[in-house]
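Colleague: Below, the features straight out of Swiss-Prot:
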COMPBIAS  1-10  compositional bias 'Polar residues'
COMPBIAS  11-27  compositional bias 'Basic and acidic residues'
REGION    1-53  region 'Disordered'
TRANSMEM  65-85  transmembrane segment
TRANSMEM  98-118  transmembrane segment
TRANSMEM  147-167  transmembrane segment
TRANSMEM  179-199  transmembrane segment
TRANSMEM  207-227  transmembrane segment
TRANSMEM  253-273  transmembrane segment
TRANSMEM  299-319  transmembrane segment
TRANSMEM  341-361  transmembrane segment
TRANSMEM  387-407  transmembrane segment
TRANSMEM  429-449  transmembrane segment
TRANSMEM  458-478  transmembrane segment
TRANSMEM  485-505  transmembrane segment
Amino acid sequence: MTGSTVSRQENSPKRPNDSNGEFKRLLVPETSQPEEDELHESPPENQILNVEEDRDKTYDSVPPFSWAKLWKFTGPGFLMSIAFLDPGNIEGDLQAGAVAGYSLLWLLLWATLMGLLMQLLSARIGVATGRHLAEICRSEYPSWARILLWFMAEVALIGADIQEVIGSAIALQILTRGFLPIWVGVIITSFDCFLISYLEKCGMRKLEGLFAVLIATMALSFAWMFNETKPSVEELFIGIIIPKLGSKTIREAVGVVGCVITPHNVFLHSALVQSRKTDPKEINRVQEALNYYTIESSAALFVSFMINLFVTAVFAKGFYGTKQADSIGLVNAGYYLQEKYGGGVFPILYIWGIGLLAAGQSSTITGTYAGQFIMEGFLDLQMEQWLSAFITRSFAIVPTMFVAIMFNTSEGSLDVLNEWLNILQSMQIPFAVIPLLTMVSNEHIMGVFKIGPSLEKLAWTVAVFVMMINGYLLLDFFMAEVEGFLVGFLVFGGVVGYISFIIYLVSYRSSQSSSWSSLEMSERVVSTET
């Protein structure tokens, strides 16, 4: 250890060796310090996994890597990865393959890496503070901004949920050979809110086990389709390695990038990581947890990338350059596959339906889970989990039922609806990403785990790029859809308010003095300096 480091450590105030409650008070703005009993409640014990086998040991550096411990940390990243595999993403994949062939696979890879960066920052804020993003927003922003952020998050979640529930309903319709109409599928799917409540009571590992089965089902289904259709491996690798973007594929490219950041997923991941018991007072333990979550999340998104690649390649092989390419969508994709590749021992239509059902069910359950954290975090509501799940589910099921009944027989109408829902979710991205980057780069919130200048610049660059891509999509959509002076005037007024709120969020900084400032230097010593 260098002499200057020792000097800083000796002259700096010692980190408080106090109770967990007092430590949490350091993380809350001084002007809004809650009483001990008002601090957020920890999850029930059966939802927290103890990962510290050697909790009695004291480490001067990050504990050594352990495969057994990595296994214990495995779970939250795979739940997070579901948002990269929802029916909206699957539809984006199939349309990208049908319209652009293999040429956008490089963009799919880089978009997944950008999404990984944002999710790692979400995990970082959850582990380092012991609170999830919605809770931190509640304590940091003024009431009006907090309520508006909650509303935006709920709107994005409802939009995503409608897509996911309809995706599951379409899958059920396929698997029952049209016997179940879409609206009946919506009713069946709505009961998963009670399933998640039951699995939560059984333990976090049971819930994670369900998602492991659903992800494996998707992987096997779409891998089987990939093997059955035999896409060109050479063209596939060229598409991954060589960037190529034609004027006719810009819309599909925007769709690929726009799907990588799902607003509710940013809030969800910061809460999921708290299912592993990590003491925020132990700097080395926190760093250890972040290391394991980085490995686990990277592995999870590698799996999601491969599943998305399988779907894109299957439709690139079957429909690129055909007359069906411009009309293919989630509703008719299975029938196009059946017409193209026939039946066989395992008809491809049903394999597609099974994969789509797994995608829809897994994403609706994670959406319900995210809704609980968003509502309880922003509004500080304490209620039974089943009731919270039911309320959250109702926000989405009621409009979804209306949509399913209205558009049950019209494939074209469902495609138009899906386009509107993509626009709705794209509009909400800034209201998840900007608070995340603001908080994770704030020393008052993060202490020694505040991200450095280089990572902060990279994160903001990625965020601005994704928001610009979605801004292009919004502009293109509204220019095509908005007609008339009155409608145009109302849209203009909405855009002004929308941009004003974004500017407020970007320029916002906590006015509270840092509770960590006097402690940072003493904690900046890590194992590499010894």
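Here the Cβ of each residue, glycine as well, is placed from N, Cα and C on the backbone.
Map the listed features onto the structure and describe their local environment.
Modeller: Only residues 6 or more beyond the boundaries of the transmembrane segment (65-85), in the same chain, are considered here, and those with a CB under 8 A from a CB of the stretch are 49, 51, 53, 112, 115, 119, 123, 160, 204-205, 207-208, 211-212, 214-215, 218, 259-260, 262, 264-265, 268-269, 272-273, 275-276, 289, 291-293, 295-301, 303-305, 307-308, 359, 362-363, 366, 369.
Residues of the same chain lying 6 or more positions beyond the ends of the transmembrane segment (147-167) and with a Cβ under 8 Å from any Cβ of it are 83, 86-88, 90, 134, 137, 141, 182, 186, 189-190, 262-264, 267, 330, 356, 359-360, 363-364, 367-368, 370-371, 374-375, 378-379, 392, 395-397, 399-400, 403-404, 414, 417-418, 421, 424-425, 428-429, 431-432, 435, 501.
Residues 75, 78-79, 81-82, 85, 196, 199-200, 303, 306-307, 310-311, 313-314, 337, 346, 348, 351-352, 354-355, 358-359, 361-362, 365-366 of the same chain, all 6+ positions outside the transmembrane segment (207-227), place their C-beta atoms under 8 angstroms from a C-beta of that stretch.
Here the transmembrane segment (253-273) has long-range neighbours at 75-77, 79-80, 83-84, 86, 88-89, 92, 95-96, 100, 104, 107-108, 111-112, 114-115, 118-119, 122-123, 125-127, 132-134, 152-153, 156-157, 160, 245, 289, 293, 297, 366-367, 369-371, 373-374, 377, 422, 425-426, 428-429, 431-433, 436, 465-466, 469-470, 472-473, meaning same-chain residues at least 6 beyond its ends whose C-beta is under 8 angstroms from one of its own.
Residues 154, 157-158, 161-162, 165-166, 169, 181-183, 185-187, 190, 193-194, 196-197, 367-369, 371-372, 374-376, 381, 413-414, 417 of the same chain sit 6 or more residues outside the transmembrane segment (387-407) yet have a Cβ under 8 Å from a Cβ within it.
Tertiary neighbourhood of the transmembrane segment (485-505): same-chain residues 145, 148, 427, 430-431, 434-435, 438, 478, selected by CB-CB distance under 8 Å and a gap of 6+ residues from either end.
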Colleague: To the transmembrane segment (299-319), which of 98-118, 341-361, 429-449, 458-478 is linked by the most Cβ pairs under 8 Å?
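Modeller: By the under-8 Å Cβ criterion, the transmembrane segment (299-319) pairs most with 98-118.
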Colleague: Given the transmembrane segment (458-478), which of the listed stretches 98-118, 341-361, 429-449 has the most Cβ pairs that are under 8 Å apart from it?
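Modeller: Ranking 98-118, 341-361, 429-449 by Cβ pairs under 8 Å to the transmembrane segment (458-478) puts 429-449 first.
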